[in-house]
Amino acid sequence: MNRIERPEQIHPETVTGDSPAAPLQDAGARALRAEIGVNGPEPVMDLRPERGLAHSVHAIKDTRDGFRLFRLGWTLGWLDIKLRYRGSMLGPFWMTLSTAIMVGAMGFLYAALFNINLRVYLPFLSFSLILWGYLNSAVSEGCSTFTGSVGLIHALRMPFSVHVLRVTIRGLLTFLHSAAVVAIVFVIFGIAPRLNWEAPAGVLLWLADMYAITLLFGVLGARFRDMPPVSASVMQILFFVTPIIWKPDLIFIGRQYLLLDPCYPLVEIVRGPLMNQEVRPSIWLAAVAYSGLLWVAAFALFSRMRTRLAYWV
Amino acid sequence: MATIEVTDLAISFPLYHGDARSLKKTVRRSLDGKLSGRFTQDRRERVLVQALKGVSFSLQRGERLGLIGGNGAGKTTLLRALAGIYEPLEGQVLVQGRIGALLDTSLGMNDDMSGRENIRLRGLFHALGEVAIQEIERDVETFADLGPFLDLPIKTYSSGMRVRLAFGLATAIMPQVLIMDEWFMAGDASFRERAKQRMIGLVEGAEILVVSSHQPEIMQEWCTRLLWMDQGRVRMDGPTEDVLDAYLSTAG
């Protein structure tokens with residue numbers, strides 16, 4: 001079927017209504033609508049119960065289609081942030097300001113309590129805290145990735161990855177607003193990132209991990225409503241176990257067990273290079289291994305449960 | 001060419017109500033009491049509600065199908081299955097053509113965003129470029145006739161305004177298969193007339209319409225074929241007049 005003909009088919013019908021609302025009256029508009037109409041080949045949707053490999057194939061396709069709609073995910077994530085602060089005076093910069101207040105207060109308090117040099121401690125603390133905030137929000141907001149988008153999921157068929165992308169981007173944008181504070185702290189204390197492969201590699205691995213965490217907890221949170229409180233209390237413990245408010249070189253006994261905490265290597269591969277500190281190969285190895293496990297787990301769960309998500313939420 | 005082919009479709013919902021949905025219950029899996037009728041249990045002892053069972057039909061270009069039946073007959077579930085939202089547990093759904101779905105009253109629109117922002121999002125969803133999105137925005141603006149409300153959050157809209165926006169949006173992308181739930185009749189008479197004008201353009205252009213409704217008049221006016229749903233099964237399938245007569249004689 002030649003779909004360029006379609007506007008002509010529609011045209012005589014629609015102009016019969018002489019109300020001002022009748023669309024397609026203007027020739028330019030019609031040409032454009034034709035362009036919309038021929039946008040891509042005619043889609044075919046063939047749905048049947050998944051058997052065997054179809055689970056993974058469809059999950060990969062979902063992910064690919066989701067990333068093709070990156071602009072949609074980006075806009076949704078950005079609008080989420082804008083809406084949260086709509087009507088407030090500072091808007092999203094409240095995130096910047098509250099980070100500044102927290103970092104300032106905690107920096108001086110802990111430096112006094114632990115008796116550490118502020119020049120060393122404050123940059124470390126500020127960067128660690130916002131990194132942890134990012135990780136924590138990926139888990140907690142990840143739990144409501146799909147349950148929070150019920151309206152969209154039940155209204156139209158779209159790749160589930162779009163919702164994951166939306167939450168990941170929301171987290172990234174929140175992080176970037178707080179990161180302004182850290183950048184200022186780094187400038188004041190003269191800390192420059194290490195200029196080699198480590199910083200970009202660490203950041204990329206981190207972003208991929210954030211996506212996987214959101215996906216994993218999104219699926220779990222859609223099925224089990226207990227996920228948010230359970231994960232919140234686990235993250236609370238991990239916050240104190242992981243070197244976030246304390247520097248790893250503070251402890252000597254038990255240092256070898258630090259790598260058992262998956263958060264530590266993940267945080268360290270971003271924090272180390274960006275703060276110009278050496279990251280041991282064992283930490284890189286652990287980070288890559290934990291990330292691999294995380295991706296496999298998230299993808300396996302998503303492939304298995306993708307078709308059920310609409311039924312659960 | 002737009003076609004719909006549904007073969008032996010079955011859909012059931014796992015019931016995770018209240019605490020049955022919690023981890024504790026899944027771990028313990030304690031479930032007793034007798035279950036009957038449309039409630040069944042799967043092999044992992046979850047309670048299932050059979051929403052659709054053994055539904056088969058096919059639609060060709062130009063057909064306008066109406067779904068009729070009481071509350072809980074499975075009309076909305078069938079519409080959602082056709083829109084690809086619920087993937088089948090058994091059987092097959094094959095839809096060729098761009099789908100436009102008007103299912104939920106919320107329509108996947110965000111209540112806190114303005115009408116204009118929602119239009120943009122829909123454009124992005126269809127992977128349209130900037131020019132095409134602006135064109136859609138203009139088209140919907142003219143059709144929905146919301147005036148300054150277009151720049152206000154959707155939560156300030158009346159239900160009629162909401163329907164106008166949703167309908168304009170769903171039809172602006174020129175779907176080849178339009179799937180609508182009954183609520184869209186919430187508009188006033190003049191809106192229905194305009195909606196019909198717009199619909200005719202789509203449907204007469206050799207496309208497919210599937211609509212569910214309680215109201216026999218609407219069915220008579222809009223549909224060429226009716227599917228009478230009862231307890232998740234197809235009770236009768238045929239030309240509008242025949243099915244409507246049978247339905248009304250049972251219901252009345």
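The backbone N, Cα and C atoms fix where each Cβ goes, glycine too.
Annotation comment: TrEMBL describes A:1-22 as region 'Disordered'.
Look at TrEMBL and you will find A:1-11 tagged as compositional bias 'Basic and acidic residues'.
Sequence annotations record features per position, and here TrEMBL assigns domain 'ABC-2 type transporter transmembrane' to A:74-272.
As annotated by TrEMBL, transmembrane segment applies to A:92-112 (among others).
Within its own chain, the transmembrane segment (A:167-191) has Cβ neighbours under 8 Å at 73-74, 76-78, 80-81, 92-93, 95-96, 99-100, 103, 119, 122-123, 126-127, 130-131, 133-134, 137-138, 141-142, 145, 207, 210-211, 214, 218, 275-276, counting only residues six or more beyond its boundaries. TrEMBL lists A:167-191 (among others) with the feature transmembrane segment.
Long-range contacts of the transmembrane segment (A:203-222) within its own chain (CB-CB distance under 8 A, at least 6 residues past either end) are made by residues 134-135, 138-139, 141-147, 161, 163-165, 167-168, 171-172, 228, 231, 266, 269-270, 287-288, 291, 294-295, 297-299, 301-302, 305, 309, 312-313. Marked as transmembrane segment by TrEMBL: A:203-222 (among others).
Marked as transmembrane segment by TrEMBL: A:283-302 (among others).
Here the transmembrane segment (A:92-112) has Cβ contacts under 8 Å with residues 81-82, 84-85, 118, 121-122, 125-126, 129-130, 173-174, 177-178, 180-182, 185, 245 of the same chain, all six or more residues outside its ends.
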